[in-house]
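Chemist: Can you read through this structure? Questions will come right after.
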Amino acid sequence: MERTFAIIKPDAVERGLSGKIITKIEEAGFAIVGMKKIHLSRAQAEGFYYVHKERPFFNDLCSFMSRSPVIVMCLQKENAIADWRTLMGATNPANAEPGTIRKEFAKNIEENSSHGSDAPETAAFEIPYFFNSFELVG
């Protein structure tokens, strides 16, 4: 079994879409082995997105991610990383396939409702950034 990291971003939480997104996750066969609602500080957002520090969108991204609560999750299933990225859809919701989370729930490329690890190495950083081993069940 593989684990991946997922975030329901502020834009989706603010609009009350968390339950619908969680339902899609479970219907796709993922086990949610860790989940909590948190409000990231600016420093936490900067630490999490440090790989984008030199990118022009870094400040806006960190402001967005720390503006209101998010739901962080550790998801588990065979091929979890690729399957979660497929379920999320393209980063730009205009390019996302019908039925994907971003096509259904994202507002735009910046407020695209969800985040997911893009590789095993990324998941290995992202999961323990938010969860200790006692918080993961399954």
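The backbone N, Cα and C atoms fix where each Cβ goes, and this holds for glycine too.
Pulled these features from Swiss-Prot for this protein:
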type: ACT_SITE; residues: His115; note: active site, pros-phosphohistidine intermediate
type: BINDING; residues: Lys9, Phe57, Arg85, Thr91, Arg102, Asn112; note: ATP binding site
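On this model, are these features tucked inside or out on the surface, and what's nearby?
Modeler: In the three-state DSSP classification, His115 (active site, pros-phosphohistidine intermediate) falls within a strand. Sequence-distant contacts of His115 (active site, pros-phosphohistidine intermediate), defined by Cβ-Cβ distance under 8 angstroms and a gap of at least six in the same chain, are Phe5, Ala6, Ile7, Lys9.
Mapped onto three states, the DSSP output places Thr91 (ATP binding site) in coil. Within 10 Å of the C-beta of Thr91 (ATP binding site) there are 15 other C-beta atoms, taking all protein chains into account.
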Chemist: Sequence gap of 6 or more, Cβ distance under 8 Å: name the residues on the same chain that satisfy this around Arg102 (ATP binding site), in order along the sequence.
Modeler: Met88, Gly89, Ala90, Thr91, Asn92, Pro93, Ala96, Asn112, Ser113, Ser114
